[in-house]
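Peer 1: As listed in Swiss-Prot for this protein:
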BINDING   G132, T133, N134, G135, K136, T137, T138  ATP binding site
REGION    284-310  region 'Disordered'
Amino acid sequence: MFGEKFRDRQKPMVLVLGLGESGLAMARWCARHGCRLRIADTREVPPNLSALEAHGIEGNFVGGPFSEVLLEGVELVAISPGLSPLAADLVPLIATARERGIPVWGELEFFAQALKTLGESGYAPKVIAITGTNGKTTTTSLTGLLCERAGKKVAVAGNISPAALDKLTEAIDNTALPDVWVLELSSFQLETAHTFEPDAAVILNITQDHLDWHGGLDAYAAAKGKIFGKNTVRVLNRDDARVMTLASSEQSGAQLVTFGVNEPVRDGDYGLLRDNGMIWLVQAQDRDATDEPAPTRRRKSESTAPPDIGLKRLMPADALRIRGLHNATNALAAFALARAIGLPGAPLLHGLREYRGEPHRVELIASIEGVDYVDDSKGTNVGATVAALDGLAQRVVLIAGGDGKGQAFDPLAEPVTRWCRCVMLIGRDAPQIRAALEHTGIAITDHATLEEATRAASAVAQPGDAVLLSPACASFDMFKGYAHRAAVFRSTVEDIAAGRGTMI
C-alpha cells in the first residue's frame with residue numbers, strides 16, 4: 001500500500017503534517033496498515049485531535065510551528081492539502097525531507113498507491129477525475145449520477161467529501177469495491193500527487209484563486225495540470241485559453257476531447273448549437289466514421305484528411321434542471337467523461353435530465369412577482385461570478401463582496417456591464433470591487449449587511465430580473481462559511497416573500 005520503496009516492509013514510520021479531514025484520513029489509513037505515526041499540526045489543539053483517540057490511532061502528536069526535528073526517524077511524509085508548500089515553516093522541512101530521500105505524499109498519492117497494490121489482486125476500476133476553479137462539485141456529482149445510471153457501482157469522493165482514503169477503507173471493509181471512482185480534486189490535492197493516472201479527467205476552467213497558496217497563477221495552473229497521466233483521456237474546456245495550453249504536451253499519445261459554449265468542429269468534441277431560439281447539447285461526428293467512441297478513434301498526434309463533420313443533437317439545454325450556460329457545459333463535461341470510459345450514451349442522457357444540482361451553486365430559491373432569487377453563495381471567486389452572470393444570461397441585480405483573497409476584480413467589469421441593472425456590495429473588500437467597476441456606469445451601492453443588500457436589490461429589481469447572490473469572495477469576514485451566508489440570504493428572501501403575501 002506504500003509503494004516500491006517499502007515493498008519488503010510495508011510499515012514505514014510516517015510523519016502526518018496537518019490534522020484536517022485529509023490529515024485524519026491519512027493517519028487512519030497508515031495506522032490501519034501498521035505504520036508508526038508522528039502527527040504534527042501548527043495548532044496546539046486542532047479540532048480533530050480528539051478523533052485520533054476516538055479512532056484508536058496511536059501516535060505521537062506535536063503541536064506548534066513545524067521544524068526539521070519532526071523528521072527524526074521518519075521514512076514517509078504525509079502532507080495535508082490545506083498546508084501551502086510556500087509556508088515559512090514548511091519550506092525548510094520539505095526541502096530537508098527531499099534531501100534525505102524521504103517521499104512527500106498527499107492523500108491522492110496514498111490513494112494511487114493503494115489502487116496499484118489492489119490491482120495486483122485483479123481490482124481494475126475506472127477512475128474519473130475532475131478539477132477546475134469552478135464547477136467541480138456540480139460536475140463530480142453529475143458524473144457520479146451518470147455512471148450509476150449506466151449500471152455501474154460508483155464511489156464519489158475527494159474534495160467533495162468524504163476523503164478518498166476513507167471511502168476506499170469503507171469499500172474494502174464492506175467487500176464492495178466500486179466499478180468506477182469519480183474524484184473531485186483541488187489544486188492542493190494534486191500538488192502532492194506523483195503517480196496518479198486516471199482513465200479520464202477534466203479541467204473545467206482556470207481562473208485566479210488560491211494564488212497565495214500556490215504563489216501565482218502559473219503555479220496554480222501547473223498543479224491543475226497534474227490531473228493528467230500519460231494515458232489519461234483529456235477532457236478540456238476549449239473556451240479557456242489557459243486550459244487549452246494543456247492540450248499541447250510532451251505526452252503526445254494522450255487522447256483529447258473538448259467542450260465549449262460554441263458549436264464543435266472536431267470529430268468527438270462537444271458543444272452547444274443554437275437553432276430557432278433553442279439551445280441544444282451536441283456532439284460533432286465524422287459522417288464517415290464508425291460508431292466507436294471518438295477517443296478510441298483519434299489521438300491528437302494523428303494527422304488525417306479533414307472529416308465531413310455533422311452535429312448530433314443530444315438533448316435541449318432547457319431539458320436540464322440546472323440553470324445557466326455554464327451548467328450546460330458542466331453537463332457536457334460530465335457526459336464526455338462517462339463516454340470516455342466506454343459507457344453507453346442513452347442512460348447518460350436520462351441522467352442529465354434527472355440531475356437537480358447542488359445547493360448554493362446558482363440555485364433558484366424563489367420567484368416573487370416575476371423576479372428570480374438565485375443563491376450562488378458558493379461563488380467564492382471572480383471566475384465563479386463571471387460564470388454565473390454569463391450563464392443566467394438575464395438582467396441581474398448582483399450582490400457581491402466579502403473576503404477577496406487577494407484577487408483582482410477587473411474581470412467582473414465586462415459581464416457586469418452586459419447583464420447588471422445595479423450592484424449591491426457587502427463585506428471587507430467592497431471598496432476593491434467598487435474600484436474595479438466604477439468605470440462601467442452601472443449603479444453601485446454599499447450595504448452594511450447581506451439582509452440590507454438583499455432588500456435593496458429586491459426594491460430595484462424588475463419583472464424578468466434575477467437577484468443574484470454571487471459574492472466573488474470568501475465569506476469569513478462576515479459569516480461562518482458560504483452555507484451560513486446562503487442561509488441568511490434565503491431567510492431574507494423568505495421574509496420578502498411573506499411581506500408580499502407569498503410563501504416559498
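Here the Cβ of each residue, glycine as well, is placed from N, Cα and C on the backbone.
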Peer 1: Can you tell me whether DSSP puts T138 (ATP binding site) in helix, strand or coil?
Peer 2: helix
Peer 1: In the structure shown, which of the binding-site residues T133, N134, T137, T138 has the fewest other Cβ atoms within 10 Å?
Peer 2: T137
Peer 1: With an 8 Å cut-off on Cβ distance to the G132, T133, N134, G135, K136, T137, T138 Cβ center, who else from the chain surrounds the ATP site?
Peer 2: I130, T139, L204, N205, N330, A384
Peer 1: In sequence order, what residues of the same chain, 6+ apart, have a Cβ less than 8 Å from the Cβ of K136 (ATP binding site)?
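Peer 2: The list for K136 (ATP binding site) reads I130, N159, I160, E184, L185, S186, L204, given in order along the sequence.
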Peer 1: Give the number of CB atoms, excluding that of G132 (ATP binding site) itself, located within 10 Å of its CB.
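Peer 2: Its Cβ has 26 other Cβ atoms within 10 Å.
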Peer 1: Including all protein chains shown, what's the count of other C-beta atoms within 10 A of the C-beta of G135 (ATP binding site)?
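Peer 2: By my count, 25.
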Peer 1: In terms of DSSP three-state secondary structure, what is the assignment for G132 (ATP binding site)?
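Peer 2: Going by the DSSP assignment, G132 (ATP binding site) belongs to neither helix nor strand, so it counts as coil.
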